[in-house]
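According to TrEMBL, the protein has these features:
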type	residues	note
TRANSMEM	26-47	transmembrane segment
DOMAIN	41-290	domain 'G-protein coupled receptors family 1 profile'
TRANSMEM	59-78	transmembrane segment
TRANSMEM	98-120	transmembrane segment
TRANSMEM	140-158	transmembrane segment
TRANSMEM	197-216	transmembrane segment
TRANSMEM	237-260	transmembrane segment
TRANSMEM	272-292	transmembrane segment
Amino acid sequence: MEAGNHTEVSEFLLLGLSEDPELQSLLFGVSLSMYLVTVLGNLLIILAVSSDSRLHTPMYFFLSNLSFVDICFISTTIPKMLVNIQAQSTDISYIGCLAQVCFSTIFAGMDNCLLSVMAYDRFVAICHPLHYMVIMNPRLCGLLVLMSWFIILSVSLIDILLMMQLTFCIGTEIPNFFCELVQVLRVACSDTLINNIFLYVATALLGVFPLTGIIFSYSQIVFSLMRMSSAGGKYKAFSTCGSHLSAVTLFYGTGLGVYLSSAVTHSSQRSSIASVMYTVVTPMLNPFIYSLRNKDVKGALGRLLGSVASSP
């Protein structure tokens, strides 16, 4: 391949989930269905929280933010894949690829931070119940979300500026259905040492630190529950964490799966399938996780749908 800098490279080639022509119609139908379910499910969560005053609490404020981020996260990758399948094309522009890298990094990082903030919310609710409303006041909740956005946008901006210094070869193929940061760095034709160093720093800042916060919060929750004498009280307190723990396990489990698949196997198809888990499956399942086991959310959704059905 002929080498050239980023001003000469106008597009990349996304290999997608499969190159088999017979599977393209199936992939299009499944991907479109998952995308619509994700957007509809998370949008219902946002509408239910905003329309029901009983859900105007810190926990549901963070949940509605998580739903918004999940809609944005899946919208960064799936629409372009659907367009490519429909057009029988694998092209993505240089600017479009950078945009996918930027936005996927932002929204994956926000998922991390929001899950960490939600763990802190559960920690305060269980370990300091009498001071919960004083500590988790609206000002602090808004500040936590704004601070998360500021940190992530700053990290992402530096990341993109560093990527714009890289050179790529004409006809560069990316073995995935979207421009994932790690795989884009792998196909660069120039030295990526600085990018990789910053990637480790960003991973620690946006991944390891939030996960550490989650582990610390739940360790304190467990110690607090062990001091409770009532078994019913323990169950009631910990049951409020069930949905969040499921979301954390799903997000970090699929993220770890992507990392291990990239490190262990060189199969592009397996890496792409692993990427689907955390970019598509996790945002799609979060609304079900938080609604099926939550009476408050189910009640709010029922009232919301009832009011829509009864309206002229």
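Each residue, glycine too, has its Cβ placed from N, Cα and C.
A quick note: this is a predicted structure, and the numbers were derived from the prediction, not measured.
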- Stretch winning on C-beta pairs under 8 A with the transmembrane segment (59-78) (pool: 26-47, 98-120, 140-158, 197-216, 272-292) is 98-120
- Query: Which whole-number mean pLDDT does the model give the domain 'G-protein coupled receptors family 1 profile' (41-290)?
  - Reply: 87
- Message: Using Cβ distances below 8 Å and needing 3 or more such pairs, separated by at least 6 in sequence, tell me whether the transmembrane segment (272-292) contacts the transmembrane segment (140-158).
- Response: no
